[in-house]
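**Student:** Got these off TrEMBL a minute ago, pasting:
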type	residues	note
DOMAIN	B:206-262	domain 'CBS'
TRANSMEM	B:289-308	transmembrane segment
TRANSMEM	B:314-341	transmembrane segment
TRANSMEM	B:362-383	transmembrane segment
TRANSMEM	B:389-415	transmembrane segment
TRANSMEM	B:427-450	transmembrane segment
Protein chains: 2
Amino acid sequence: MREEEKYTNPEEQLLYLQKRLDEEDTVALSELFTELDILSIARTLESFPTKTRDRLWEYIPEELLGEVLAEVDEDIRADYIEGLSASDLEQIVKGLDAQEVAEVLDVADEEIKTSVYASLDQEIRAQVENLHAYEDDVVGRYMDPETVNVKQGVSLEAVQRYIRIHHLLDDESQQIMITDKDKRLLGTLTLIDLIKQPQESIVDEHMDPPYTLNDQMKVSEAAALLRSKELPFVPVCDSDGLLVGQLNAADVLEITQDDADMTFKHMSGVSDEEEVFTPILRSAKSRGVWLGINLLTAFLAAFVIGQFEEVLDQIVALAILMPVVASMGGIAGSQTLTVVIRGLALGQLAGNNKQWLYNKELWVGMSNGLVWALVVGFISYLWFSDPLITLVITLAIFVNMSLANVSGVLIPLVLKRFQIDPALSGAVILTTVTDVVGFLSFLGLATLIIL
Amino acid sequence: MREEEKYTNPEEQLLYLQKRLDEEDTVALSELFTELDILSIARTLESFPTKTRDRLWEYIPEELLGEVLAEVDEDIRADYIEGLSASDLEQIVKGLDAQEVAEVLDVADEEIKTSVYASLDQEIRAQVENLHAYEDDVVGRYMDPETVNVKQGVSLEAVQRYIRIHHLLDDESQQIMITDKDKRLLGTLTLIDLIKQPQESIVDEHMDPPYTLNDQMKVSEAAALLRSKELPFVPVCDSDGLLVGQLNAADVLEITQDDADMTFKHMSGVSDEEEVFTPILRSAKSRGVWLGINLLTAFLAAFVIGQFEEVLDQIVALAILMPVVASMGGIAGSQTLTVVIRGLALGQLAGNNKQWLYNKELWVGMSNGLVWALVVGFISYLWFSDPLITLVITLAIFVNMSLANVSGVLIPLVLKRFQIDPALSGAVILTTVTDVVGFLSFLGLATLIIL
């Protein structure tokens, strides 16, 4: 097997792995896992159902197990760690850096955690305890506590020598921190400048002014910030202004990826944690909740229709056309909702932009409403040759589509004001509105005009 | 205004800017734009409707205009460039690197493009023409053609000296390329190793084996690959194996961000290009297409209902309950669709995983179908006290939800086989299926059982 084959296409790699598993070719499997990097192993584990995954763990080289464990999805990590003793885990976290140890121990029982703590190298242990002291959703919890710090007034040459003598700079370091004697950050120096600038000049001449994050900042906000400013890393300071670590883009990437992913899932009523290979029972349960909520709104719509039994009983064409009204409103509204949720995520909606957007969506809703109301009216006339039904459905589509767009703006803005994730409940509230308004206007107008 | 104020919160920055615009405080505006970095300026421009944006351009310092233009959304760039003469544009692209010039000229008229080409520095011009020679969707089009190349057998010390003498290493370089005399890539050396390893040792000892991309690879595939492997950059080679440039993570980030964004928008029938501040007419038009497609499927559903006029005419309760059947199927199906589309994007679905997933979704669909069918049946019995209607809706919900989940797996897999984006058409096809199956099973069973 050529090296290329395993790397260029995740799907082909998966197929190759499946074949070797089917043939129980343990030699090829061990060989494959020796050649793969940590990230590829983690992604591979995530691409199999639980049973197969349990077989795969055995082929992972022992010395990589800790790093793989730190890298895989939290669910999978918890599943694997559940079966381990304290001494197994002590073995696994040996050699990991503080960030990785913190990640792995996060899902362990308190008892095991305490025992593993005791086995750690003192410096790492202090760092891990420090990371664990932070809340789950703040920057401090996700930062790398190890940074390369130098004092003011030092020459670049001296910095380079200092790095070589003390074996500093791990794979994640990308900048040098220039601090005063209290560990207050004065500036940062890129590795690029460290190399390209005259070696006898001092760090002060080349340092960039420090742009820092507070360790108590919400990590999702920090992630969005790093992403929008395309920063590879940012120094982290505590509330006294002292340097405590750095937040790396690699970790940030994962978080924003997760955020986008969450929005995408929430819009369709899927929970954050659900992946393709989530076991049947867990999937069924988590989706069931959403189905239940939807059922309430569906019965609300049914209840509205129920109020118009009389007119439905007389004109069966109304029952036939009902879904068209609801469906056009639903689509128009969710188009608006999608654009607005994205605008909110990008922080583009503030002040009089909101008013502008409201007006825009009203006009888009009314103009599209008018066009499609006429189209639907025309088709309905061809179908039922009834001018009153035609009038009723034309008006109803226009009303529902115009209101749908306005709701698509107002619902997420109101939800955000109340600190509710608009992606999670926006879609279901919107559908409720467009269904209720749709049926109410259609059947209500029919009662008024036709009966 | 404190520096912090502008940076920590995009929304507050927006509000500040709006106030200064309302007050026509040109001094504060000029000052703000002098302090902002390129990315912040670009994001700010994207956060305003066209009219306001046209006012903002004037406050951007002239020397930043080119970089800002290279950074903003393509739509906005095209709008701005439309009004410029060839000599304006020549002024603007002066000092930009090849990647940026290529980006800016991409949206210009052929005539203006030729004239600006002629004004460029010869080296940059050759690079730009080279970039423009690539198709729009391949790696070669997005790579940075400038890399730092050194020969084998050179000491680290010599490499550092070479970089300083020739002023190499721009902000985007992160590695040194080690090539043979034909520019064939032998390996890469990280800046970290260049600094931390013994300076008298030669590059060969520390270089990593080259992992390269072909310049003709689809850029979206490359982006997904870089992202999944968390690589900051990858060298790019042509089909002869010669080094032609490097693809940077920063550019890749944008592309995968755009991809996720596209999936999100496509699922709701919004086109890629639409943003919050897309003008009314353009929004209305692009959404109109999707509404038209939806109308076809809505009328298909109406047509199915129309086949059951007789039973609807006799039992009005059916018309009332119809939306419940369609809605539960629709939600169940789109939950599955979301999970599957995400699995496809991550490359997790290959070989017998597909079979596993199909079985899983069938079971999830049937178990949730059973639970919610019973709940709906119970509520319907309380409402209409009619055992036959109860039986019909219970069966219909079970059938529709089970089939919805199976369709949620099959539809995206089939679409992918035909190279159609499952996010774009998956949702509309799925809704058609769940509507048609829902109405067919509900009204069909009613005809069979009740009539």
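Each residue, glycine too, has its Cβ placed from N, Cα and C.
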**Student:** Are there residues at least 6 beyond the ends of the transmembrane segment (B:362-383) whose Cβ is under 8 Å from a Cβ of it, and what are they?
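**Tutor:** Tertiary neighbours of the transmembrane segment (B:362-383) are 317, 321, 324, 328, 332, 336, 389-391, 393-395, 397-406.
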**Student:** Can you check how the pLDDT averages out over the domain 'CBS' (B:206-262)?
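**Tutor:** Mean pLDDT for the domain 'CBS' (B:206-262): 85.
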**Student:** Pairs of Cβ atoms less than 8 Å apart decide it: which stretch in B:289-308, B:389-415, B:427-450 has the most with the transmembrane segment (B:314-341)?
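**Tutor:** If we count Cβ pairs closer than 8 Å to the transmembrane segment (B:314-341), B:389-415 scores highest.
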**Student:** What residues in the same chain, six or more past the boundaries of the transmembrane segment (B:389-415), come closer than 8 Å to it by Cβ-Cβ distance?
**Tutor:** 315, 317-318, 321, 324-326, 328-330, 332-337, 339-341, 344, 349, 354, 357-358, 361-362, 364-366, 368-370, 372-374, 376-378, 380-381, 421-422, 425-426, 429-430, 433-434, 437-438, 441-442, 445-446, 449-450
**Student:** Determine which residues of the chain contact the transmembrane segment (B:427-450) at the Cβ level, with the cut-off under 8 Å and only residues 6 or more beyond its ends counted.
**Tutor:** 266-269, 290, 293-294, 297-298, 300-301, 304-305, 307-308, 310-312, 315, 318, 321-322, 325-326, 329-330, 332-334, 337, 388-389, 391-393, 395-396, 399-400, 403-404, 407-408, 411, 415
**Student:** Could you tell me how many residues in the domain 'CBS' (B:206-262) are helical, how many are strand and how many are coil under DSSP?
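**Tutor:** DSSP classes over the domain 'CBS' (B:206-262) add up to 26 helix, 16 strand, 15 coil.
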